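Taken from Swiss-Prot as is:
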BINDING   Cys1328, Cys1334, Cys1373, Cys1377  [4Fe-4S] cluster binding site
BINDING   Cys1377  siroheme binding site
DOMAIN    728-876  domain 'Flavodoxin-like'
Amino acid sequence: MSVKASINNSQEAVSRIAFRCSDALYVVHPNNSILNGALTESLKDLKKFETLNVSGKVPHVLPLKSHADPFAHIADAILAEEEVASTQPKQITSVVASADALFFATPHLYKLAHEPLVAHVAIESTEAFDFASVRDTGFVILFSGNRPGDSSEAALEDTLETASLAHRLALKLNTGVLHFYSPVYDTTAALENIETLPSKEDAQHARVAHIPIEEKQEDSEKEGNIKEAFVPPKFDQPERDAATSEYLESLSIKPFEYSGSDDATDVLLVFGSAASELAKAAVTSSVAVAIVRVLRPWLPSKLQEVLPTSTKRLTVLEPITSLPRKWDPLYLDVLSSFVASGSSIELFAVRYGLSSSEQATEIIKAVRDNLSGALKPSLVCDFTDGVSQVFVPTPPSIEEAYHKLLHRVFKSRLNIVNDPASSATKQNIPSRLIISPQFALGSVLEYENQRRAFCDEVATLLKEKNSSVSSESLEVLSNWIVSVDNLESPVDPELVISELKKDSSAPIKSLLDRSEFFTNVSHWIIGSDAWAYDLGNSALHQVLCLEKNVNLLIVDTQPYSTREAVRSSSRKKDIGLYAMNFGNAYVASTALYSSYTQLISALLEADKFKGPSVVLAYLPYHSADDDAITVLQETKKAVDIGYWPLYRWTPALEDGEYSDFKLDSERIRRELKTFLERDNYLTQLTLRVPSLARTLTQSFGAEVRHQQNVDSRNALNKLIEGLSGPPLTILFASDGGTAENVAKRLQNRASARGSKCKIMAMDDFPIEELGNEKNVVVLVSTAGQGEFPQNGREFWEAIKGADLNLSELKYGVFGFGDYEYWPRKEDKIYYNRPGKQLDARFVELGAAPLVTLGLGNDQDPDGWETAYNLWEPELWKALGLDNVEIDIDEPKPITNEDIKQASNFLRGTIFEGLADESTGALAESDCQLTKFHGIYMQDDRDIRDERKKQGLEPAYGFMIRARMPAGVCTPEQWIAMDDISTKWGNHTLKITTRQTFQWHGVLKKNLRNTIRNIVKVFLTTLGACGDVARNVTCSSTPNNETIHDQLFAVSKQISNELLPTTSSYHEIWIEDPETVEKRKVAGEAVQDVEPLYGPTYLPRKFKVGVAAPPYNDVDVYTNDVALIAIIENDKVLGFNVGIGGGMGTTHNNKKTYPRLATVVGYVLTDKIMEVVKAILIVQRDNGDRENRKHARLKYTVDTLGVSTFVEKVEEVLGYKFEEARDHPQFIKNHDDFEGWHKTEKNKYWRSIFVENGRIENNGILQFKTGLRELAERLYTEKSEAEFRLTANQHVILFNVAENELGWINEHMAKYKLDNNAFSGLRLSSAACVALPTCGLAMAESERYLPKLITKVEEIVYEAGLQKDSIVMRMTGCPNGCSRPWVAEIACVGKAPNTYNLMLGGGFYGQRLNKLYRSSVQEKEILNLLRPLIKRYALEREDGEHFGDWVIRAGIITAVENGGANGAVHEGVSPEAF
């Protein structure tokens, strides 16, 4: 195939460069036929010669129309691509266009400024483009082909080189570039130099610039052709400007170029579309001239460098624009720069306009002559004679068919309000305003107002019968005014004007001065199909709302054959349907090349209709060069297939009228008729009851008796209603259920008093019905930072902005809050804020209070009930129901203890709930029972509100947790766990802080399959949650296999013997449901029994942890029972026993607190099972079953006292504890990530870092796949290796043979499982799941902690502590799943983005931390930690850990006694609040 040898014009130059440097090239076809022809020919050549881009691929070429807001399409495409594929390489985009395409581009350019987008814009010398509209969009702006003295060949080469530079700049700095060039024709230049184009590597870097660095590194290794990952820098504007300047300077690019003598005193700074013509004229006239080559970034120092030192006066030449300005933008740039630098050069401003290149010499001469005179500084001169109008985008000639038809139909009556051609008659109005549909609508409204005033003036003249006006004139005016709005009137306006001209009176002359109002004009606003992409930004919506007599003709140009290419994000709205839904507009869908008659009828009907009219006109074409045959073919295809239906619709505007819809599409009408005939026929055939005549089925007597019964029933209802008390509507908003439960109780009490009462959530109540209510009571809780609960937010948003009259309404509000929840003074506004806001809003809307605002406070002696018990009697008094005697047996609230007692050993109605396919949820009481089965019901809180708006129930899913003592997992078990997550979960595995697995997002229908697969590999979920002994945690002790074997045996024994014995687990999850049903019918012969737990199990959960000093990787003291192994010569002799550890608390409730276990004695290994059971029995019999917040073992120990509790345990045992024995001091509570280690049995182990325990595949790492494949190979090769899950949410690969190290190392390197190159801070971190699945979460945790650590790492690196371990943990609520209370730094979630910052925990889990600052957000956290970490780095002693230092430095005081009896709340600095 032949090869292109040269470039012949600038259009070909920029299109070639853009093609070579892009993945997607948008070609905006200009209306200029010469420009468009050259561009089209260039694109054909690129296709003909099979040109490739720098990456060796053929880019996509997408044509756009210049008058249809092309940059809106481009911005949507780029931003939609980034949103959909945020972790995938993006396309590099370029644009070739002319200045008309930038007409409405400014708002879109702002969005694209940080994209590597290059737009090459052709601008003719006579084109008055307003550069001010794009100068501050953030784009780099370059000019080419404008150097003084350049020949055509040199100008073409300059354009070619600058186009290449623009792409290199965009890709290198990840910034948008506008390249303006002056078109050059009929010359020749060599093809582009490949060395000047961006490299393949530059292009790839730009494609992945938005992807996180870790993923790019992985992609780099996969690609094999990129040596190192590269991230284009992200700058704010000053930094971007500096980087651009530096890059331009490295390429020897001059932002300004000077031509003239070295001792010139007067210099012209030429800028704009005609800069090249003016520069040439200046050089010819021996006038010194400087040219702007780089407008943005503005580099004033470079300007002063090129100016001669002899310069005294600088004249800035800028193009004229249609917008009135005193000072032009470039002049102001130069002025501010010179003033800032203290320059003494005088400045002058000149505006020019060029209608032909010959005028350039005249303008330069005029400027020189003016400068030789005595001008004052800053004088503005205009040289604009003969200047062409500012460019206004106009539709191509192919769309003139509808224009011509309008002129033919309406002749002199036609007024196309936004016709660009009319700009010549509106000299004082900017052209861009004239074509704006909003301006056009305003013009019509103003015209109609003036015409109405004109008609009133005529009517007044006829009424007063002015003697100076002739009788003939009055008769003519009388005939005209009678039919002024009648389109069929026989009165000809031209004849009226002709007759009035015979009258010379002053009133008639005044009317003739406004003779245009005699004609009943038909106003038309013409728009393109671009309107259909955003109906709110066009005049369509305003026209429909204003209901004025305005006609819209909207031309749709999209061919049927290209409809699939339209992205969903840019899908057109149906304008016709939109307009018809308003019900006040005439709507027609027409196609000139399909039905000429239908179009004529639609135009006439639209003109006749007294109101807004919308006529959709179909004119499909691919490019402006398409002929009528192409349009005809596309039209026929679209109309025949039904893509473009033809119809007309006239609405009914008055009572008694009927709307008239005419379907003009023959094919659709024919098919619809066939369908309706068949449907009607089948309907008649399928009537369930024969339709017989009434005379055969009814009698008059029967009708009378029926009416008597109806009247009697209505009379009885009225009588009963008269006897009842006042109506009452109770609304509630509650996240935790408190307000809802109180509302239900209030409803029962109101009903018992005779009130006609109804109850519902606030969001379920239609706001517009408030005005019809008599009495409304609202019970509302407080969420987050004084926010409404989720089921009350829509109600509040609606009433907050509603314009209601509630003068007939009486209301009462009671709020539930906690005065100490936000202890800082500035945060007190959040206390009971929803209740206060509602009360104030009801008053604003005119409602009268039934009772004063009630504010429940959890800090009161009886909590919220203290205030409520005073508020409710006042409510009954206001309703007149206070003296009503009632005898109501209010059932006590159902507690967890009631649910357990009635559950028949954890059965409840779970079995029936699983069979209910109408919902994805289980009953509330069953959800309490499924916890004992290891299952939590959750929903996706990220989409909860959206689903509620859609009328859907929450996206329910279930979390399942396995019971896996000591976290030991075989390869076979790992494969099964992975299969479950893939088949039925959310494709991730979660390692918990209790050394087991969790699965999220399991649907109700998949619960049985999931649990059956868990059981198949000899695991269970029973007892993994609920008020029983949970999974037993145990130190991993990988260095000593002998010790771990002993500890693992103890852990398994404790786990198995504390496992509930109920058969409900097997019955519900394992057995076949049909078998269970049959057995129930036959009658249950065997009854369950729980010898250890009893029918109500424990008051709360019971946790056991086993540690082997010196490692406390399980944070043993945080468990209800802490077992610390006493080891001699690799033999576990026994255990020191600790009791009363626990993490869960409630914010600002000092009755709740974290506590560390108290060591009470020592027992031998063979007796440890007896001891654990005895402790459990004492807790079972003495724990608080009334208040679940006070039910954990730690509260039982503190309530009874440690000595009393121990006595009770010893009483159960029948013997006493021995004295606690000494053991090696604990040295740390986190995992070891220092590569492979060898055990005493010559096996190997190493830790695998899993951040926050989330095993998943993402765009950065494929951990899930890597660990799955590792497990598969270990299982296939029957390896003895196993996995151990750690309590810090990581994985230990253990028991690896030496001959397996080779392939395991390769595999781990392949999936980056061996990557432990993280800071000590990150390696020691942990987080709970929190949002979006955990129902208790108040703030983010797992998803946020890595981001926060990244920012804290910057502080750590600054202090030189990157290798030092600082234990940092985060939870989304105060329940403490990640054990934050023993971390050196902890963030405990309190509200969205808000945390309590805790400091001072023990490095190895031996000490609780304490509140340092309450209710802080990210910025405050970083500001607080920065000085502390810097001080720690400078002041610490050898081996001193951060938690120890903050206590020694007096930052906080140490928590005494392990936190017993709430010691963690003591000694908190007032500054914390």
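Cβ atoms here come from the backbone N, Cα and C positions, even for glycine.
Annotated features, which come from Swiss-Prot, shown on the structure.
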residue : record                        : DSSP class
Cys1328 : [4Fe-4S] cluster binding site : coil
Cys1334 : [4Fe-4S] cluster binding site : coil
Cys1373 : [4Fe-4S] cluster binding site : coil
Protein Cβ atoms within 10 Å of Cys1373 ([4Fe-4S] cluster binding site), excluding its own:
22
If you count Cβ atoms within 10 Å of each one, which of the binding-site residues Cys1328, Cys1377 comes out on top?
Cys1328
Starting from the Cβ centroid of Cys1328, Cys1334, Cys1373, Cys1377, which together make up the recorded [4Fe-4S] cluster site, report each further residue of the same chain whose Cβ lies within 8 Å of that point, ordered by sequence.
Val1329, Ala1330, Leu1336, Ala1337, Ser1341, Thr1371, Gly1372, Asn1375, Gly1376, Ser1378, Gly1389
Near the Cβ of Cys1334 ([4Fe-4S] cluster binding site), how many other Cβ atoms are there if near means within 10 Å?
22
With DSSP as the yardstick, break the domain 'Flavodoxin-like' (728-876) down into helix, strand and coil residue counts.
66 helix, 36 strand, 47 coil
